[in-house]
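Working notes for the structure below.
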Amino acid sequence: MAAMAAMAAMAAGDMRCLEDAIAPAARKNLSNAEGESYPLGIWVSSWASGELTAKMAQILIEEKMGFHVRTGVGTVTLEQLWAITGCKTPRNRSDPGCGSDGPKQTYFHVGLEGWTNRNAEIWDLIQTNFPTTAPVNLGHIGYDGQSGQFISLEVMQRAYRATGLALEFYRSYDAAWNDPGVHFDRITAVDSSQLKPCNETMLSESSIMQKYAELTGDWDGVEEVDGKVRGKCFSEHFWFPPPCRADATKCFLFITALGYEFEVTMQRATIFNMPIVPVDAKDWDTYARLPKTVTSLFFWWQPDPTFLGLNAKMVSFPSFNRTDFARGLVTSASTGIQLDKYVSRDLDVLAPRVRELISAFYLSMDALNQLLLTQKIHSSSAMEVACSWLQSNRKIWEQWLPDTTKCFAQFGLFNQVTEVFVDNREGDVSNLLCKACPSGSFSTYIRDDKGLTHVCKPCAVGHAQTSGASTACGPCALGEHQEELGASFCRRCTFGTYQNVTGQSQCTQCPGERTTMGLGSQSLAECVCKTGSMDVDGQCLPCGKGLSCPIGSTIAGLTLLPSANVSNLDVERPFIKPGFNSLPEAPLTIYQCRDHCPGGAPGTCSFGRIGAVCGECPAGTFASSLGPCWRCREHTAALWLTVGGVVLLPGMFLAYHLLTKPYTAKNEVSGVVGCLPGLFVETVQNLLVISAAPTTWPPVMIGMATYASVVTLNLEALGLACIGSMGNIGVVARYFCQTLVFPSMVGILLLTFGFTRLLPRVTRGFCSCAPRAMVCYDRLARIFHIPPVPPTAYSWTWCGTVCVIGKFCQVTFPTMANVGLSPMMCYKHPGGQQHSLTKYSNTFCGSGDHVAMLIVGSVLLSFTTGFLALCIWVACKAPQFSWQGQAAVKFLFADFRPDIAWFGIVALFRGLFLSLPSVAVPNRPNVQLVLLHTVMLLSLVLQGYCQPWKSPAVNLVDATSHFLFLSLLGLGLVGLESESDWILDILATSVCIGLLVVFGVVISVFALVMIMEKLGRAIGKKWANLGDVPESRVLLRLLQNLASSIESSDDLHSVEAAMDELGTYDVRMILLCLTILEMETGLSATSSARHKRAISQTSRLSQLSSQLSESSRIGAGRALASSAVSKRRASQYTVMQRASPQDLLAEHGLPGDLAAQAPEVQLVDLDNKGQNDADVLPDPTNLVSVSG
């Protein structure tokens, strides 16, 4: 009844078998040393007895031991052995998946009913090759495995009653004494179709049959077919032994399957004279059915439920003869095979109580057969039968359970209710069990009245145990400590501490300002200087700016660095940062470089530079514009000077020609082409000035500044240092030569003036002796509409020479100011004890060289400021100058609009102010950049408000260059925060390229337009004015219509009211237009006082423009092409339209026959009726001014 109840409970889905079972939620997994958690694994053999014993063990492990269980199924013991070893594919007999290095972890821990003897070779192989994971054999399971020839109990009893034969003994089957066949069915009782034919049984195995004949001598029982020995077959299914070979009616059957005991039966039948005919059932089902329907002997093994209902007994034979078995004679009885229990090698650590349970597991053959019979009768599952047996036989299996308080080494007493480890077995022990000691504790034994057991105790301070299930705690190693009890690990000494003794609770602090390079330091020697300081003679001294001192820096590590770029250095060693340097003899004295200092070891300079700040080139070399030091060649400086002279000479005459052209307020293409190069040179100079600001500039900008240094008359880049005996001249001499460039250029221009004035005949002779050249020039002049140039045009005038000198000083003013201020630009080196000049960084401020440079620079600066003051005075007084004086100062106003003619002063101040931040705040890069940004921003505001250039196109180019400069300065401010940023590099590079593109494209376009205009294509005005400008007659017609409309209007009050609604700028623009018309055309109108004031203001602004126009015409010796001498100031020059030359001479007190008295004096028809500029003699020395 109990069994039936258990089966019903299991069938109903109640997974618990025992009443006092541990609930599934309270069960646990195994945990290994690595912290991995997984269920306990049982490998189940797929035969009936293997399943039953495995399910019994599973129920006990789950419900009494409290572990989660997983199962795996295999068909043979071999697979069970591979699985418990830890191989991944145990069912694959060719490759069980053990790996070349063997399994590391197994997930199956228990296996029952293992046929060890049958797999002895595999067992030995596993134990040899995989000793760390090989299974452990816990011994006999309680019953043996046996197989052989069986006879049912009913047949055996019937024969005994009938003839007294004991058919369980082999002697009873001897045909010479008995007729055992009468107790069995004849061979004809079996349908031969249910048997395998002879050719499918062992009778067709030539080697087996050969051995049979040799061992038994029964050659009549075999035959040779096709050269192979086979068993002699009768009726295609039977082989008859010698006792009944002559009379088959005396034979009876031995039924087997898969050939089991076939050969054994043949040997026994022949040797023991037994009339037994072995047959092989065609399949397993036939084999399981035939012994139940046919009276015969049959093959069977135990434990197995197949023939349990027959109560069969195994026929006994002579005892096992090892010698006979060794030579193939298997007539003696085989030994019983001990069936064993296996566990994994690590189960003793993971679950020792489970190991004890399996070790004590013992089941008799009778009990097992009863279980098998019950399962067969009730067709129950193995789990149901195992549960029923456990419920009915509690006293048996309770003896298998281990004492929960008997703990082995690596385990300790644990109270599962309070979930704490205890150190004794006093009082109630029902809740105590053994559990592996956790990390931070160790297992030690105690002895009490119940015997020996183990408890877990915490590790002492200075000790730890990481893995758990250990019998001792290890002392903390060097560099470690532990101040707590029961620690699972030792703590490494923190930064700044060390420990040179094992088993300690604390670490020792490093002395002073020292620390350690990492955790776990083991000695005082590992205490090093902290980051940002360096060990100097045993003391940690702070590292200054420019020196990178990682943790553990020493002065020896700094000086032993290879001379290489910083990117190749070991980051754990100190090094000098890029942009700084020091001398090998004083490595801690850091100097800040302006360039050519890649960092690394002391004394490391790039491009062959030398010196504390890498600012000098070795003797016999000079600093090229590209940066490297180039070797001085013979006549290097002379060569550059010669090349400069060749370029300078035509440049001076070209400048003179452009600057002495008549001034006009109108915007001409030639004027645009003339002013753009000057604007470009000024822009390049400004770029050079801001590139000296101490920030991170893109390589493209540095390259542009380097190449453009020649434009700023940087003689150092031209080999100035090579003057002398192929050696370097001093920095003072080089600076002095640099400052001499500007007065020298003025002197050259004055000498040119004197030369052209003293040798006019030479120039005439030159032209007369080169008629072919003049013919070519005349042809080109006719093509490009250029007036012919007489020989006297090569003579320079004084006012023209002064104008060229002024233009030179104006264009080079930013450089002149920067050079003059250079000795005043002192920046501070790290530490603040020394200062160097920004441009001459190897020269220290306060030195003798510096004082000498200050004197020279002050002289140049005086010249520069004097020129600036002169220009300011000229801007204020120019309207009062004579025409010669106005022609001399035309350089200051020629490119600007008449009303904004003073804007050249703004450009001069901008050039000066761009250099002043480096003087005022040399050690504050951010302030320098902000000041530079402010200067350029103010300049842009003024430029945008005034739009001073006569050409709108030039105004646009100037505004664009201002914008790009401001962008560069903004990127420079960002560059202070980052040494390298590819995004900033791309942006800054784009800005620099934009500068070049703007000027390059604009200059090229206007030069092309000028050439096309000379060829007769009048498109220049549209380009220069950025659009069309209406013609004068169109404007005049509009004015006439407007005047007529006003005069004819009957409601002027409405017009006045509408004008009151105009905006301020609109009103001012109308007033300005009226004033310009009145001043330029000579028209007059009745004006209010306010209008008169406006006219007066505009008159002062346009007065200078008017005089410049006239003086430039007179100074250049060209006749006016307009209908009046002056378009702007009729009061300054008396102009009589349509008057004869004699009338003009008489009006001004000159004799009427002046032309006859002085032929060299030429009269100019100022009215210019019927003439053009090409018809007028342009010799200024022969021109008579009508103003006297």
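Each residue, glycine too, has its Cβ placed from N, Cα and C.
Between the listed ranges 223-245, 821-843, 1166-1188, TrEMBL ties the annotation region 'Disordered' to 1166-1188. Between the stretches 4-27, 700-723, TrEMBL puts its transmembrane segment entry on 700-723. Among the ranges 671-694, 767-790, the stretch that TrEMBL annotates as transmembrane segment is 671-694. With respect to Cβ pairs under 8 Å, the transmembrane segment (851-876) is most closely packed against 735-755, considering the stretches 735-755, 927-946, 953-974.
In the domain 'Tyrosine-protein kinase ephrin type A/B receptor-like' (489-527), the DSSP tally of helix, strand and coil residues is 3 helix, 11 strand, 25 coil. The stretch from 671-694, 735-755, 927-946, 953-974 with the most CB pairs below 8 A to the transmembrane segment (900-921) is 927-946. On the 0 to 100 pLDDT scale, the model's mean across the domain 'Tyrosine-protein kinase ephrin type A/B receptor-like' (489-527) is 91.
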